[in-house]
Structures are given as C-alpha cells and as structure tokens.
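Noted in TrEMBL for the protein shown:
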- 20-41: transmembrane segment (TRANSMEM)
- 61-81: transmembrane segment (TRANSMEM)
- 88-107: transmembrane segment (TRANSMEM)
- 113-135: transmembrane segment (TRANSMEM)
- 142-161: transmembrane segment (TRANSMEM)
- 191-211: transmembrane segment (TRANSMEM)
- 287-308: transmembrane segment (TRANSMEM)
- 320-339: transmembrane segment (TRANSMEM)
- 351-370: transmembrane segment (TRANSMEM)
- 376-397: transmembrane segment (TRANSMEM)
Amino acid sequence: METEDHLIKLFPPKWRAPVVITAGVVLQFTLGLVYTFGNILPYLTSYIRWKVNPEQTQGSLIWLQSLMSGFPFSMLTGGYLERLLGARWGAAFGSVIYTGSLALSYFSIQESYFLLIVTMGLFASFGIGVTYNCWLPHRVGLVSGIITAGFGGGAFIISPVQTKFINPENLNVNEEGYFTQTELLERVPQLFLLLALIFGVLQFIGLFFLADPKNTNNNESVFQDENEEENKDQEIESQKRPLLKSRCSITSSHSHTSYGIITTTTAALSLTAPTISTKKVLNSDTFICLFLTLLLNGIWVQTTSGLFKAYGQTFIHDDFFLATVSSFAAATNCFSRIFWGAFADRASYRLTMSIACSLGAALMWTLGLVELLNSSFLFFIWICAMFSCVGATYSLVPYATHRCFGCENFGVAYGCVHISLTWSPIPLLFISEFGNRVIPASMPEWRRVYH
C-alpha cells in the first residue's frame, strides 16, 4: 500500500494495509451502538418514567431509534469532508460529534426526552454518518467486508457491557414491563459517560492509523489482486438486463457495508448505470418505489429491532439472556447482508426482497407461538432470524438504488430514500395509542406488548 501519510510510512510496506484496515475496524466497532437500541430501550424508558415523565412508553421511544438509524444527509457531508480533509480528519470530525453527543446525553436524559432525541438521535447519528462515510467510499469489497464485521462486532460486545453495567444483579421488570429499582435507574445516565469514554479511547487510537492510499483518485485497492477486466465484463453484461430484475454482479470488488452501501472500484462504478440528473432521479417511479419500500419495511424493522427485548421480558425473566439475544441478533443482522447480497446476485432484487419480506412477516406472526411455548431457545432463534430480515432491507434497498441510479447519484438518491425511515414511527405511535385505548386493563400482558 502506497501512501503519503508519514505515520503509516513508518511501517514496512507489507504491514501498511493490515494496519489501516485494523484502524477502520476499530472505528466501525465504536459505531455499532445503533444495533443495541433494543437492548437499552427498557432502561431508557424506565429512567425517563422515573425521572422525567411517568407517562412515557416503550413505543414512544421509537422516534429515537429512527433517528439513531442515521441522519439522511450525513453521508453526503462525510463524503465531502473526506475529499476536503482526507479520511483521517474527516473521520475525526465525525467521531468528535458522535462521542461528544453521547457524553452530552448524560445530561439530556435527566432533563427531557426531547433533549435526548437531540443529543443521542440527531447529533450522534450525524456523527455516525460522517465517520462512517469518510472511510468506506474508496474501499473495495474485501476490505469493506472486513470493516463491516467491526460494525457488527461492536454491537455484539456492547450489548453485554450495557447490561452488566446497568443491571449487574440481573433484576427483573415489574408487572408493567419497567424497571423500578433505584440503584439500577441511577446507573442509566452514567452508561453514556462509560460508552463515550470507551469509544473516545478506541477512536483516538484508530484515527492515528487511518490513512488514504496514495492514488485515491484511481481508487487503488489495498490488495492488488482485483481482476478489473472480469469486473468490467460482468458489469457490461448486467447492463443488458432491466435494473430491478437484473442479476447484479457482486464479485470481490463489491460489498455491502453496514448500512448496505455498495463499494467498488471506479471503473466498475462507471459502468453500473447511465448518468442522469438528480431531478430525474427524484421524480422517477423507481425512486418512489424504493422510498415506499423502505418506509413500509422501516415500520417492521423498527418494531423488531426496537421492541424485541421489551416483548421478551413479558415471559423471559433473565436480563442477561436477553442481552445475549441482542448481541447475536446484531451480529446476524450484519453478516446476513452477505447472504442477501449473494442471493440477489443469483436471482434478482425483486425476488430477494419478496422472500425477505415474506419471511419477516411469517416470523413476526408466529412470534406469539414462541411465547405460548415459553421457550427461551426458540425466542433466540426467532429474533436472530428476524434480524436477518432486517439485514436484507438495509442491504437490498441501497443495492437497488446504486444499480438504478449509478455512483454519481447514489449519495443523493439513497440519502433521500433514507428520509423515509424518519416517517416510519408514525404508524407505530398510532398502534401504541390504539393498544392503550382499546385493550382493557384486565389484559396487562397484551397492553405491555402495545407499549
């Protein structure tokens, strides 16, 4: 790996690529907090009910999860900063915003839910988008896949840390589904300081060893083993098929990142789709279709990823076990994207998305059977399977966006499609309110589900 970075040049040439890749993994590790939201939701809701608003419910915090999923145009800012400042300083800018916002959440959660949305939802998610996009746009498939593992691995480890810190005695919720133990609730704000400290140290170390290749304009691979001619032939062949039905090529130069963004070499990207104006992109039927797809899938995704633990607490009285479920579900969410991407390559976007949606709906409809069987093991299997369908959504939608609109329009197109996720909580709030009003108080177990 050739680079102009003076620090990386101190390493022998054969060690430079592994060092930079490891730095990227470390940075992505710190950004996996969003996949742990379902694990900390009961703690956050219980604390807000105890300290701020006793009427707060689990369902009403879905707005926070939606914003944590990503500030739509932060990826555009990240790309601009990467070109202006370089990977290291662009990622540093996002890391400071992200980690600083988490630290500020120590104060905001003690004051109001709205301030928590601002610090943990808006500011922190903006920092995630900037940091995330500053590293990945110019990396080919294998490297992106490795760094994606860091994103999923972060959530895998963070969930148990959260639970062990807040609830070391493995205390249970009350009949309404909330924690009321004072010693537990007092530790909730401190969690933000702990996470900010851990993330800050890791980011400080990772940023030291983050660097661009010397020839970033040509998007050199840090592994010089790409078969570019083969990729060109496959991309040209894919152009002969309809975009949404095409068997889009995913070779070693293609990968789905933790938000499903496809990374590839410039040569391949230039052949992916014809250049069209942004106005035509946003007015196209394809864009509307993708927007509605993510909007509707977002309702299911946010219900699953945000409320699975709250639902599990209705019949599983082991907080440590539920944290373990959260860890493995996050890892499944991340790594299942490789499978869905490969399947879309063999079949088509339409067929793959149809299978993922059907499977996700079937799993959600049958989740009640798991409760009737009172099986912790089946709950573990069901939730991991449902999270694999979550991974399909965040893999296939950007996949189709990229294939239909090309590299030049991808940032704007996917950023606009991603806005749909901020609207997804609206139906969930209506459902939650419906459950509170219609279901009688004599059925507390069902009211807890709607909460």
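Keep in mind that glycine also has a Cβ here, set from the backbone N, Cα and C atoms.
With a threshold of 8 Å between CB atoms, the same-chain residues lying at least 6 positions outside the transmembrane segment (287-308) that come near it are 35, 37-38, 41, 58-59, 61-62, 65-66, 69, 281, 325-326, 329, 333, 353, 357, 360-361, 364, 383, 386-387, 389-390, 393-394, 397, 400-401, 404-405, 413, 416-421, 423-425, 427-428. Taking every recorded stretch in 20-41, 88-107, 191-211 and counting its Cβ pairs under 8 Å to the transmembrane segment (320-339), the highest total belongs to 20-41. In terms of C-beta pairs under 8 Å, the stretch of 88-107, 191-211, 376-397 lying closest in packing to the transmembrane segment (20-41) is 191-211.
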